[in-house]
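Engineer: My questions will all concern the structure given below.
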Amino acid sequence: MMSFADSSLFAAQPAGKYEPFQSHEQVRGLFDHKLNVCLAIGGWGDNSGFDEGVKTSSSRERFAKNIASTVDRLGFDCVDIDWEYPGGNGQDYKQVPNCKKKNEIKAFPLLLKEIKKYIGRKELSIAVPGLERDMTAYTLMSAASAIKRYISLGFPASKLAIGIPFYAKWFTTKNGYTCNQPIGCPTDPLEDELDGSDTGKSGYMTFEATNFAAPPAKLTITPDSTCGVRTGFKCAEGSCCGASGWCGSTPAHCGTGCHFAYGKCDGIDILSSFHKALKNEYTDAEKGAQWYWDAETRLFWSWETPELIQKKDFVSS
């Protein structure tokens, strides 16, 4: 999956032009065997394009045609729809209540049918939640329960796929608690009570090489405001290198995810805590996850290992 194309591009007329960060052929070339490379559309917080595209028969047709033409232009083999979520409970649930999205529940299958019509023999997949009730951790048993539920509703088992996250998740735990168990540790509020926005108290860290590379011995002050390991530049005195790789002095630059080696930072050193977690990790064999609690930063970490991913192969049976 190449993630994510903004759904709004496909609801527009004429359609917006999507350009991936790497070409289809470049991604395929990273693997030894032939595999399908899919275009994933949407992702958390991307609702506006889906909301518009699903409304009427003509908007659904337009949305589907635009997806098909983009897939053909870029050479993708398949399409994945990641709408979070038709019918509500998405990032905007406090701004747009679920009662105003009820029509999307019945309209969503119609949208999928239209997309499949226009992409033809190419595969169409959808990302769906693991209810019942929300899975707050990817455990062996909760995954099995969700799979059985979909099968009981008539979904063909051969078309179900379980997603394995190739990154580590972190959460800020409540002050005053000692989290020496992998399950049940309370966290700080992860969303704003009033508008539902992210509080910056949770996030993720990937295992890509840049997160393990040491900063150069001699850093040059940035000439264009870019910073961090990808450019090798540092910010000017008093400026912060934000998570996005740009210098600035706002709370967004200096807070969560700020790059400590490349400028001033006010928040927690997430990267150092990540390395600490990998060095002092614990395995929860029963639930099927790796974990660590950093008492100094109050960050709780959880991730997958190759061995734990192998154990989840039970779903194929």
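Cβ atoms are placed via backbone N, Cα and C, with glycine included.
Keep in mind that what you see is a predicted model, and the values were worked out from it rather than measured.
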Engineer: Choosing among CYS227, CYS247, CYS254, which residue does TrEMBL name as bonded to CYS240 by a disulfide?
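Structural biologist: According to TrEMBL, the disulfide partner of CYS240 among CYS227, CYS247, CYS254 is CYS254.
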Engineer: Check TrEMBL and name the cysteine among CYS247, CYS258 that pairs with CYS235 in a disulfide.
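Structural biologist: TrEMBL annotates a disulfide bond between CYS235 and CYS247.
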Engineer: Expressed to the nearest Å, what is the distance separating CYS240 (disulfide bond) and CYS247 (disulfide bond) at their Cα atoms?
Structural biologist: 5
Engineer: Taking the Cβ of CYS254 (disulfide bond) as reference, which residues of that chain separated by at least 6 in sequence fall under 8 Å from it?
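Structural biologist: CYS254 (disulfide bond) has long-range Cβ partners CYS240, GLY242, GLY248, LYS264, CYS265, ASP266, GLY267.
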Engineer: Quick one: mean pLDDT on the domain 'Chitin-binding type-1' (224-267)?
Structural biologist: 92
Engineer: What does DSSP assign CYS254 (disulfide bond), in three states?
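Structural biologist: Going by the DSSP assignment, CYS254 (disulfide bond) falls within a helical segment, counted as helix.
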Engineer: Long-range same-chain neighbours of CYS247 (disulfide bond), Cβ under 8 Å, sequence gap at least 6?
Structural biologist: THR222, SER225, THR226, CYS227, CYS235, ALA236, SER239, CYS240, CYS241, HIS253, GLY263
Engineer: Once the chains shown are all counted, how many other Cβ atoms turn up within 10 Å of the Cβ of CYS240 (disulfide bond)?
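Structural biologist: Total other Cβ atoms inside 10 Å, all chains included: 26.
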